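Q: Supplied in structure tokens, the structure appears directly below.
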4 protein chains.
Amino acid sequence: MSNRVVLAYSGGLDTSVAIPYLAKMTGGEVIAVSLDLGQGGEDMESVRQRALDCGAVESIVIDAKDEFANDYCLPTIKANGMYMKQYPLVSAISRPLIVKHLIKAAQEHGGTHVSHGCTGKGNDQVRFEVGFRALDPSLEIIAPARDYAWTRDKAIAFAEEINLPIEQSKKSPFSIDQNVWGRAVETGFLEDLWNPPTKDLYAYTEDPALGNAPDELIISFEGGKPVAIDGRPVTVLEAIEELNRRGGAQGVGRLDMVEDRLVGIKSREIYEAPGAMILIAAHEAMEDVTVERELGRYKRLIDARWSEEVYDGLWFGPLKRSLDAFIESTQEHVTGDIRIVLHAGRIVVNGRRSNHSLYDFNLATYDTGDTFDQTAAKGFVQLHGLSTQIANKRDREAQ
Amino acid sequence: MSNRVVLAYSGGLDTSVAIPYLAKMTGGEVIAVSLDLGQGGEDMESVRQRALDCGAVESIVIDAKDEFANDYCLPTIKANGMYMKQYPLVSAISRPLIVKHLIKAAQEHGGTHVSHGCTGKGNDQVRFEVGFRALDPSLEIIAPARDYAWTRDKAIAFAEEINLPIEQSKKSPFSIDQNVWGRAVETGFLEDLWNPPTKDLYAYTEDPALGNAPDELIISFEGGKPVAIDGRPVTVLEAIEELNRRGGAQGVGRLDMVEDRLVGIKSREIYEAPGAMILIAAHEAMEDVTVERELGRYKRLIDARWSEEVYDGLWFGPLKRSLDAFIESTQEHVTGDIRIVLHAGRIVVNGRRSNHSLYDFNLATYDTGDTFDQTAAKGFVQLHGLSTQIANKRDREAQ
Amino acid sequence: MSNRVVLAYSGGLDTSVAIPYLAKMTGGEVIAVSLDLGQGGEDMESVRQRALDCGAVESIVIDAKDEFANDYCLPTIKANGMYMKQYPLVSAISRPLIVKHLIKAAQEHGGTHVSHGCTGKGNDQVRFEVGFRALDPSLEIIAPARDYAWTRDKAIAFAEEINLPIEQSKKSPFSIDQNVWGRAVETGFLEDLWNPPTKDLYAYTEDPALGNAPDELIISFEGGKPVAIDGRPVTVLEAIEELNRRGGAQGVGRLDMVEDRLVGIKSREIYEAPGAMILIAAHEAMEDVTVERELGRYKRLIDARWSEEVYDGLWFGPLKRSLDAFIESTQEHVTGDIRIVLHAGRIVVNGRRSNHSLYDFNLATYDTGDTFDQTAAKGFVQLHGLSTQIANKRDREAQ
Amino acid sequence: MSNRVVLAYSGGLDTSVAIPYLAKMTGGEVIAVSLDLGQGGEDMESVRQRALDCGAVESIVIDAKDEFANDYCLPTIKANGMYMKQYPLVSAISRPLIVKHLIKAAQEHGGTHVSHGCTGKGNDQVRFEVGFRALDPSLEIIAPARDYAWTRDKAIAFAEEINLPIEQSKKSPFSIDQNVWGRAVETGFLEDLWNPPTKDLYAYTEDPALGNAPDELIISFEGGKPVAIDGRPVTVLEAIEELNRRGGAQGVGRLDMVEDRLVGIKSREIYEAPGAMILIAAHEAMEDVTVERELGRYKRLIDARWSEEVYDGLWFGPLKRSLDAFIESTQEHVTGDIRIVLHAGRIVVNGRRSNHSLYDFNLATYDTGDTFDQTAAKGFVQLHGLSTQIANKRDREAQ
């Protein structure tokens with residue numbers, strides 16, 4: 001069987017040059033697979049054609065926007081997915097979907113290898129390769145940037161050598177990954193942690209200090225899923241897109257963090273994810289009203305672990321699936337409306353209503369209608385603290 | 001021995017009237033104890049005198065501001081103490097300190113009872129009483145508002161009946177608790193969760209939309225403790241006060257949440273805590289740079305549990321002490337500077353530097369100087385994902 | 001509506017006398033409900049008749065053995081349910097089932113009250129009452145032993161006073177609760193923690209030192225459920241009963257522990273649960289072979305929490321249900337055979353086989369056929385330890 | 001600088017042949033370092049001499065038995081260290097101590113490399129190498145069995161080729177690691193998980209079915225440390241040795257398990273660790289009496305995580321140190337006596353006494369002297385279950 005390499009193709013210089021390079025290294029053919037995840041920029045048809053121009057024998061473009069929103073972003077909303085309490089897993093949740101489509105293409109087109117353009121010091125190599133081996137360990141993996149120490153300079157030299165029909169744009173100072181769920185930026189000067197981000201880093205968000213008038217909106221959830229904005233029904237994809245637009249206009253969703261990579265190092269990252277952050281803030285507020293205390297406390301631990309598993313490239317791992325089962329079971333009543341004001345970079349929840357609410361006005365009120373039995377409290381407090389009381393007594397006496 | 005009731009005295013109507021009331025109910029004497037925790041408002045000497053005017057046999061005023069900052073707020077900073085990821089434990093950390101001083105007063109002045117003004121449906125009764133019993137279970141506890149169904153109306157009637165020399169101000173619509181670490185507000189119209197907060201609720205913070213120029217500042221930490229602002233050495237108390245001022249001017253630190261009370265109900269709460277939120281945000285950013293990944297991940301669980309224990313009134317519990325031991329052991333290297341911009345309600349970290357940093361430029365950079373050994377990654381990824389690979393293979397074959 | 005009290009009726013002296021007593025205290029009628037949970041002893045028809053003789057207007061007996069095994073013991077097997085790593089929740093899982101049938105009886109027979117015989121210092125009052133309020137908060141709860149300080153002596157006096165037709169057996173020194181899942185014993189002389197248990201405490205197990213020949217058996221699981229013993233298909237109930245018999249003959253399943261009660265005190269407890277302990281040991285061994293490492297590690301935390309929730313009387317709580325969802329999702333492949341030797345008090349697993357195994361001979365062997373790629377290990381070890389390496393370097397340099 | 005390889009030397013064939021082999025591969029000299037960890041067998045002087053005979057330029061023997069007991073076994077006792085709830089970390093805790101002495105030898109004798117004999121599919125390579133890099137990343141690491149695919153056959157051939165003065169014993173069918181804390185055995189026929197262990201596998205324990213008379217003993221703890229047996233003061237080392245002897249005679253401490261290795265595979269392992277298992281059982285029983293409920297519950301999670309960190313080779317990791325701080329803080333009052341009966345493979349705790357006990361007879365008793373306030377329970381139960389009650393009501397109404 002001749003070699004056929006299925007490549008995760010972005011349309012950029014690196015993966016374009018990788019097409020003839022992989023063909024040369026394997027003595028085989030290359031199939032390019034590109035996903036539209038709402039990353040914007042170039043139209044996907046141009047991307048498709050460029051792969052062919054670079055020598056791919058097949059170039060497959062997949063509109064995966066709704067699939068991404070429903071099967072990857074929505075679970076992240078339900079899990080309030082934030083790595084290190086901050087990062088909404090922008091790249092982390094896109095890789096398993098790309099993996100899925102690469103494996104499908106390999107199985108349909110007789111692929112023998114799968115390939116990605118990631119380096120050996122990032123997280124995405126892990127997400128790709130753990131996914132590849134989970135879904136089809138018979139495919140061989142090639143990561144030219146890592147395994148052949150393939151660099152941009154080498155790529156450009158190789159492109160010139162073989163007269164590859166692509167423009168050699170001046171090296172952008174930014175390394176960017178983006179999709180409808182958010183945008184990640186790395187760049188050299190930010191590697192000094194003391195340097196603040198500059199305005200040219202941002203594309204999804206306006207300057208929060210612009211002074212736009214506040215934007216008030218109502219997000220409706222059913223079973224943890226955003227189903228309407230301001231009363232208009234939306235798909236998950238539409239919800240993200242609309243909130244990217246409205247949140248972006250208010251400068252909402254910027255993030256500047258030092259992140260613990262799975263490979264053991266810390267790195268500085270800039271993210272923009274207005275829709276993701278608004279949806280997760282609203283979802284958490286909806287849960288605060290509809291999820292019982294002990295379940296809520298435990299779910300926060302589960303959410304954190306879910307985020308770590310996904311960050312660490314274990315989307316297809318058995319633990320992730322069981323965490324999903326836990327999370328899904330908590331969402332049945334996460335239903336109702338959250339009112340939010342977006343303004344000058346802030347996401348402010350200021351109202352919530354739900355037919356599934358656990359808030360009981362009559363138990364909570366200090367006014368007329370109070371049904372809370374205060375006489376129960378005395379005994380409750382006494383036994384709630386009893387083991388602490390006994391322990392403190394022992395500590396005093398044992399000294 | 002005759003009865004002597006040591007009362008946590010705030011100076012307000014309820015606890016003022018409680019003085020003669022407790023004397024009557026117990027047939028004994030009342031000692032009022034008031035702490036200055038930076039709550040502002042009235043001067044403490046007036047508070048002290050009022051208790052005497054109401055019939056207290058002793059009225060003790062304690063300036064506990066620095067003790068509160070050093071022994072209660074600082075551990076909260078180190079624990080990034082946020083209940084339900086949001087609430088910086090404003091009232092929760094003040095109660096154990098009040099307890100400590102009440103017990104001390106009782107032991108010095110022959111107290112037989114301790115008393116507080118809390119109702120039976122809130123958290124503070126728990127914090128008071130668990131604390132009392134932990135430190136001195138021989139003291140009897142009286143909670144008139146709960147145990148005698150003592151209400152404001154009854155208090156006013158009783159005050160008139162005995163000609164108590166206090167003004168009967170019109171009932172404020174707000175129920176407020178405040179100290180230097182923050183301010184909590186409850187009020188009737190917010191018991192409808194759909195109602196947004198109104199401007200008159202706030203006292204520690206300006207309207208974030210005011211349009212003040214951004215305020216950039218540098219907070220320096222040593223071993224997890226804030227020690228300087230903009231290069232000027234500060235005590236913890238001074239740090240909180242300055243950041244309350246500067247953060248408040250920017251509308252930073254407002255919170256509108258639905259909270260899970262320990263007694264089993266949900267309640268709507270408004271908080272303002274500019275200093276607390278700025279310090280915790282800065283501290284977390286400092287940890288992100290100086291705490292190793294696995295320790296950081298685990299510490300987030302410990303922090304959450306610490307916050308729940310403190311919220312639940314278990315400050316004096318054995319688990320809280322062991323969580324403290326864990327947390328303290330993580331702080332040795334949480335040292336360095338965090339640069340923050342405060343603006344229009346936002347707290348934005350945009351720079352960090354530290355001689356204790358775990359960020360290694362040479363490992364992180366994609367530019368010249370890269371020392372990361374990418375060849376190690378291939379094997380790492382393979383074994384990191386091996387158990388997932390085997391499990392997925394089994395799942396396919398077992399179907 | 002006249003009062004009708006639905007009483008959890010055991011047939012013993014205390015709940016027998018409670019029938020006329022509750023009738024007197026409420027001025028109403030009493031309905032006795034008794035469950036056969038495999039506790040053995042008296043036949044259930046005698047129990048039923050005695051309630052009527054004592055004045056109950058209805059006496060309902062329910063054979064709930066299979067329901068108990070399938071809906072309460074089986075989830076405990078799947079959760080490896082052991083409170084404090086030791087106690088297989090013998091009483092804790094029976095109470096919610098009794099609650100369920102009491103509520104059903106109350107709803108069918110116009111009950112206005114529900115009642116149980118527990119004291120105020122144990123766990124069972126919590127399990128009963130939290131269950132009652134979860135399933136039907138409209139029913140009033142009466143706990144005579146606690147609320148009326150009803151004691152055995154008072155019960156006997158009252159029985160004599162009203163000429164109740166029951167024998168007043170000499171007070172047994174033991175307080176016993178038993179069902180097919182196990183047996184719990186408390187008794188006065190064990191309240192001195194230094195006293196060892198005596199032989200007369202035990203009823204489900206022989207003396208382990210008896211010297212019976214070893215008993216080897218094979219337990220087969222499908223999806224976490226025991227389905228056969230030594231190749232003979234069994235129901236869950238049959239599995240427990242057979243293993244009680246065979247384990248009991250070997251002295252397997254005794255437990256002597258100091259337990260942390262929910263009400264805040266420690267107590268000494270003796271348990272016997274041969275079937276429960278054998279099934280959980282076998283189930284854990286089956287999981288060790290069929291559950292992936294990270295899932296297994298996390299499931300152990302979930303199992304511990306599940307056991308605490310159930311112990312704490314929160315069987316009907318939302319967290320318990322979501323923990324169940326997690327656990328259920330882990331059991332799909334817990335299928336195969338476990339070989340066990342029972343002997344002289346020991347449960348020894350010495351063989352396991354499964355078509356769903358994750359054990360891969362070719363990856364594990366050091367002999368011919370080894371397929372493990374050892375070259376991957378070098379890089380794995382390097383990056384696995386990188387953050388530790390960096391942290392230790394920082395620690396040395398920062399000193 | 002010339003190459004000097006510091007080798008972890010066991011005295012066996014593999015590491016003996018590794019001496020000339022490493023010299024040849026590096027063109028340098030080899031320093032052998034051997035630790036006496038109580039593994040028994042050959043006297044250490046013979047081991048020392050053999051390394052010299054094989055060409056080592058230095059051969060260092062260290063009696064590390066007490067250091068091992070005090071600094072590695074004792075923390076394991078305090079942590080109730082059991083990986084997967086079963087394995088007392090026999091090899092896992094010895095590797096960091098060997099690492100420490102190898103690094104010390106390297107720094108004192110001008111070492112440039114460190115070396116161990118582990119393969120690439122086990123855990124010990126990880127424990128060695130993470131330790132080496134944590135303590136001195138400037139040393140280069142050589143693992144001949146893994147990196148040069150060095151096998152026993154190659155070793156024997158090389159030994160013959162260079163006329164190495166060692167006997168080529170027939171290949172033992174067992175792969176063994178042992179020290180005073182326990183003994184680990186792997187062997188080919190156990191790689192079929194269905195095969196039971198055979199009697200010749202065991203060396204630390206007699207057959208439990210032998211029929212020796214029971215052995216009753218009292219272990220005394222101070223602050224979590226075993227300090228006396230049957231009233232005779234002992235060092236930690238002496239405690240382990242005595243309990244190995246007495247437990248071994250009763251067949252106590254055998255373990256047959258399927259274990260999740262860090263490198264991603266499952267393996268079958270046989271262990272014997274009578275002293276370890278007795279001490280941990282006694283320590284847990286001592287904690288059950290002296291550690292408060294919530295602390296005990298949380299410590300069980302901490303203990304499990306500690307065991308995983310140590311198993312995973314992260315002894316020198318920052319998280320391990322903070323877990324130690326937590327654990328240490330819990331041990332202050334773990335003081336008192338535990339009575340144990342060893343018999344026929346069983347470890348049975350049947351008595352405990354302590355001046356630091358949290359067990360309060362007067363709170364626990366149902367007899368005269370009861371001081372428990374049962375009236376507190378009613379309110380406690382009500383509020384303990386309130387959030388569950390509200391959630392169930394919502395669930396019914398929302399359907």
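Positions of Cβ are set from backbone N, Cα and C atoms, glycine also.
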Q: Per TrEMBL, which of A:Gly117, A:Gly120, A:Gly122 sits in the ATP site along with A:Ala8, A:Tyr9, A:Ser10, A:Gly11, A:Gly12, A:Leu13, A:Asp14, A:Thr15, A:Ser16?
A: A:Gly117
Q: Could you look at A:Glu167, A:Glu259 and say which one TrEMBL places alongside A:Tyr87, A:Asn123, A:Arg127, A:Ser175, A:Tyr271 in the L-citrulline site?
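A: The one candidate that TrEMBL places in that L-citrulline site: A:Glu259.
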Q: Just to verify a number: CA distance, A:Ser175 (L-citrulline binding site) to A:Thr119 (L-aspartate binding site), in angstrom, no decimals.
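A: Between the alpha carbons of A:Ser175 (L-citrulline binding site) and A:Thr119 (L-aspartate binding site) there are 12 Å.
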Q: Can you tell me which of the binding-site residues A:Ala8, A:Gly12, A:Ser16 is spatially closest to A:Asn123 (L-citrulline binding site)? Compare CA atoms only.
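A: Result: the closest of the binding-site residues to A:Asn123 (L-citrulline binding site) is A:Ala8.
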Q: Spatially speaking, which of the binding-site residues A:Ala8, A:Asp14, A:Ser16, A:Tyr87, A:Tyr271 is closest to A:Thr119 (L-aspartate binding site)? Use C-alpha to C-alpha, please.
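A: Result: the closest of the binding-site residues to A:Thr119 (L-aspartate binding site) is A:Asp14.
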Q: On the three-state reduction of DSSP, what should I expect for A:Thr119 (L-aspartate binding site)?
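A: SS state of A:Thr119 (L-aspartate binding site) = coil.
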Q: Looking only at C-alpha atoms, tell me how far A:Glu259 (L-citrulline binding site) is from A:Ser10 (ATP binding site), rounded to the nearest Å.
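A: Between the Cα atoms of A:Glu259 (L-citrulline binding site) and A:Ser10 (ATP binding site), the distance comes to 25 Å.
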Q: I want the residues beyond A:Thr119, A:Asn123, A:Asp124 whose C-beta is within 8 angstroms of the mean position of the L-aspartate site's C-beta atoms, in chain order.
A: A:Cys118, A:Lys121, A:Gly122, A:Gln125, A:Val126, A:Arg127
Q: DSSP secondary structure for A:Asp14 (ATP binding site), reduced to helix/strand/coil, please.
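A: It is helical.
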Q: At the Cα level, what's the spacing in Å between A:Ser10 (ATP binding site) and A:Asp124 (L-aspartate binding site), rounded?
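A: Between the Cα atoms of A:Ser10 (ATP binding site) and A:Asp124 (L-aspartate binding site), the distance comes to 14 Å.
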Q: Roughly how many Å separate the Cα of A:Asp14 (ATP binding site) from that of A:Arg127 (L-citrulline binding site), to the nearest whole number?
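A: If we compare the Cα positions of A:Asp14 (ATP binding site) and A:Arg127 (L-citrulline binding site), the gap is 19 Å.
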Q: Including all protein chains shown, what's the count of other C-beta atoms within 10 A of the C-beta of A:Arg127 (L-citrulline binding site)?
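A: I count 30 other Cβ atoms within 10 Å of it.
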Q: Using a 10 angstroms cut-off on Cβ to Cβ distances, just flag whichever of A:Ser10, A:Thr119, A:Ser175 is the loneliest among these binding-site residues.
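A: It is A:Ser175 that, of the binding-site residues A:Ser10, A:Thr119, A:Ser175, has the fewest other Cβ atoms within 10 Å.
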Q: Need one number for the ATP-binding residues A:Ala8, A:Tyr9, A:Ser10, A:Gly11, A:Gly12, A:Leu13, A:Asp14, A:Thr15, A:Ser16, A:Gly117: the maximum pairwise CA distance in Å, whole number please.
A: 13
Q: Over all shown protein chains, what is the count of other CB atoms within 10 A of the CB belonging to A:Tyr271 (L-citrulline binding site)?
A: 25
Q: Given the binding-site residues A:Tyr87, A:Asp124, A:Arg127, A:Tyr271, which one's Cα is the least distant from that of A:Ser16 (ATP binding site)?
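A: With Cα distances computed to A:Ser16 (ATP binding site), the winner among A:Tyr87, A:Asp124, A:Arg127, A:Tyr271 is A:Asp124.
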